[in-house]
Amino acid sequence: MKRMLINATQQEELRVALVDGQRLYDLDIESSRSEQKKSNIYKGKITRIEPSLEAVFIDYGMEKHGFLPLKEISKNYFPENYNCDVRLNIKDILREGQELIVQINKEERGTKGAALTTFITLAGSYLVLMPNNPKIAGISRRVEGSDRIELKELLSSLKIPEKMGLIIRTAGVGKSIKSLQWDLSLRLKHWNAIKKASKKKSAPFLIYQESNVIVRAFRDYLRQDIGEILIDNPKILDIAREHITALGRPDFINKIKLYTGEIPLFSYYQIESQIDSAFQRKVRLPSGGSIMVDTTEALTAIDINSSRSTRGADIETTAFNTNLEAVEEISRQLRLRDLGGLIVIDFIDMTTISHQKIIENKLREIVREDRARIQIGHISKFGLLEMSRQRLSSSLGESSHHICPRCTGTGTIRDNESLSLSILRLIEEEALKENTYEVHAIVPIEIACYLLNEKREAVYAIEKRQAGGKTIIVPNKNMKTPHYLVSRIRKGEQIRSMSYCLSNVRKNKIFNNIKKEIVDKKHKLNSTLTNISLSDDSFDKQKEEKEKFLRKKNYNNSIINALFNNKNLFFKFIVWIKNSFLKKHIFVKNESFKRNIFQNKKNILFAKKEEFNSIEEIHKKDNQVSSIDNNKKKQLLNKVKKNNNHQYSHVFDNNTKYTSLKKIDFQKNTIDFELNSLNFLKKNNFYIFSKYNFLYTKKYAKNKFKDFENIKSQNDMICYESFQKDLENNTSFKKKLLYNIIFNNCYPNNILVNINSTIFQIYKNSEFFKFFPIKISILMTPLNIFSLELILEPSSKKCSSFKENQVKKRLRINNYKKLNSSFIHKKNNFVKNSVLWPKKFTTEEIKINHLYKKNKKNTKSYFFETSFKYKTVTKNISKLKVKLTSKKNDYLISNQKKLFLNKTLKKENTKNKSSAPITKIFSDVFLSKNQKIMNSSIFLKKSNKKIKNSAGAHSATNFSTSPVKKSE
């Protein structure tokens, strides 16, 4: 028994299947993402007339204009008194801007617009009305014999209006004249409503939309041989009963039933696997053979293969049986896939002509059940049969498939070697053109590896012939073969860019095609080096609070305010120090620093002062740290020198005070005023300097109160002394120190911070210094460490923080620290929990000049072998030699990325230096949302000799999925 199965369990897709027992022979799928437009009626206007095509283009409200040929234009739109016997000229018939009522005859396909017609067809249950085509009046071609004679008599009895055509459908067989006249009256009302609606509005707009898949299925597929209609959705069941009554098919109401089984409807009738075969290229035959279906722009090719088929006594019989079996499957697949247009079938060669005739007749007999019009030819001497099938709607592949972006629908791609050689030839062609400055090639990683390794000599030869020009090859992991992009940069069309994480890279206008959000991440923005608090409040809120209290006037700091009145001179001095001294002597001359810079490794540590976001008593100038005099003799850090054993020694100048980095642990809780100040005097104190941004603790060897007034600053550095014994025993002295302390030759605007949340302000030339107890919690971060290149380039905002936690005492080092590092910036967790572990200790005696005693004092130096853990990657670092000047509270501070502990730098072999292009592939983390890439042009400028003989500086970034085209 034949059934109509309607599956509506998924609201995005509604499927209608026609089955004969458990064999699927027709399928219609309607999806919410692909709405059918065929048979829709629009009011459009002519936008362009093409006499060469004898057609016009119609704007009917869609993106692509419709195509209307002259043969599809009704005479109702011809001018009056036009002589149709003369050769027609489309410009004499129609004009631009003229409005027409059109119907979609063929839907859009690829780049082609929809095919339109002015011959409107209104399909009903029993007949089809053509209101503006009087030439057509007849009966469906499927009706034969006595039924056809009977319908002709009924057709002559129908009252058809003038200048209208009519076709009686197969469903009209056996119906009375009254039923046919009732259906005709409905179609006439429909046409009158369309004409009335078209006059209310100007073109373009939609007048009538074709019914949904359920109505179309009832109208087109319902025949008397359909035994039952099963629907698995109660809501669709009610809608189906309403539509079938409106269509005038009350005889099918009792056949509509609700399916309530536990097994899905299509699975129960075992048709899911048959539906899947309609999406496959290869379809198996029961005997073991197969058919291959390939659709192209011009036609659909179907190839028949015997495969494992062994049916038949000889090869001729096997070929005949396989072809006969394939004919039935081909006719079914044409209906399931809804393939239209030209179809070519390649049969297995048969020498017997009678077998060929049987195959042709079998195919003609089977396709009679198809609703589409089909024309079939004969099998040629090459074994090919040509046939055409009417396009009823978009095929299953067009509505549910999309073209592969990699192979563009061909199914094959070019191999890597052939593609690489083709790109190399294109690079050479572009490089040898006149006025060429650079040639950029953005290629997949596989192609880049081949060009930079196998063809490095060829790339270098191209650069030589280019007379100084560069060839930049950029691997892009988001690009897959066979896609690539080769662009030529002319000398007069240079655009500065920060692409590929290189400086001074220039790109042409193709750069504008890259996605905007990716470009913004790579663009260098002017910003300042800021310190962000690790508080619960947002950064914007903290910034607002900071600006609020900075606006408040502090009358206690008039001397400091006077100093900062001349801002230009002060900041020019700071900029001059950075540009002339630090960049010249540290970056350029020091090979270790240059290496680390080009590898984006932050190896030099600097502690940045803390920002007090909630202090009202301290003026803006108080919260800044003044710099000391720029004296080269007092450098805190000299060049890093190499030893024969590949160890690095942290050496200080003899005239510089020996200091050690100490822990700052700001407390959140408010401490009593007297206790706070007393703890400050008893314990170690901290000083912050902005020139080198190092945090130091100063201690005197003298511990007597009588020497206090005689202490003076040495080497232009602020001094302070801990008087533990005297303070503990002299209570009167404690009280006195709560308010002022004698202090000589202090530098202005230096802030002393105690571990108990007390801030001390040093006054210039005042012989005393004050402190301000904080009555609220200070929102402070731990000790902030910044790399040297960030200090020199204030446009960068990336920073990191290090928090120290006490661990057990190990060997001779007291309070050795475990260092945990993390970025302050939110969403910028680049390295998490990098740990510096002590593994090996050795000692040796080193004599140095003591700070305040004339005699010399021996100190100990320790060696550490360290290991950093970056997530799952472990990197071993070379040994570091650090001088410790105190046995108490000395800590080793480390950065999150190798710091001073750079990898062991072996001696450079200049003789065997390769001239190959240098390729650097960076991680996605450098393109994180909040990170600002700094411009390293100054570093590249100082190291031109390193890349002078290379084939080009190469780098890989994930800046875009570049368009695949060649730029001129």
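One-based numbering along the chain as shown.
Even glycines carry a Cβ here, placed using N, Cα and C.
Annotated features in Swiss-Prot:
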{"type": "BINDING", "residues": "Asp303, Asp346", "note": "Mg(2+) binding site"}
{"type": "BINDING", "residues": "Cys404, Cys407", "note": "Zn(2+) binding site"}
{"type": "COMPBIAS", "residues": "955-968", "note": "compositional bias 'Polar residues'"}
{"type": "DOMAIN", "residues": "39-119", "note": "domain 'S1 motif'"}
{"type": "REGION", "residues": "404-407", "note": "region 'Required for zinc-mediated homotetramerization and catalytic activity'"}
{"type": "REGION", "residues": "947-968", "note": "region 'Disordered'"}
Per-state residue totals over the region 'Required for zinc-mediated homotetramerization and catalytic activity' (404-407) - DSSP helix, strand, coil: 0 helix, 0 strand, 4 coil
Positions on the same chain near the region 'Required for zinc-mediated homotetramerization and catalytic activity' (404-407), where near means CB under 8 A and six or more residues out: 413, 480-483
Asp346 (Mg(2+) binding site) versus Cys404 (Zn(2+) binding site) - Cα distance in angstrom: 27
Whole-number Å value for how far Cys407 (Zn(2+) binding site) lies from Asp303 (Mg(2+) binding site) (Cα to Cα): 23
Asp346 (Mg(2+) binding site) - helix vs strand vs coil (DSSP): strand
Inter-residue C-alpha distance, Asp346 (Mg(2+) binding site) and Cys407 (Zn(2+) binding site) (nearest angstrom): 26
The domain 'S1 motif' (39-119): DSSP-derived helix, strand, coil residue counts: 10 helix, 32 strand, 39 coil
Average model confidence [pLDDT] within the domain 'S1 motif' (39-119): 87
Asp346 (Mg(2+) binding site) CB neighbourhood, other CB atoms within 10 A: 16
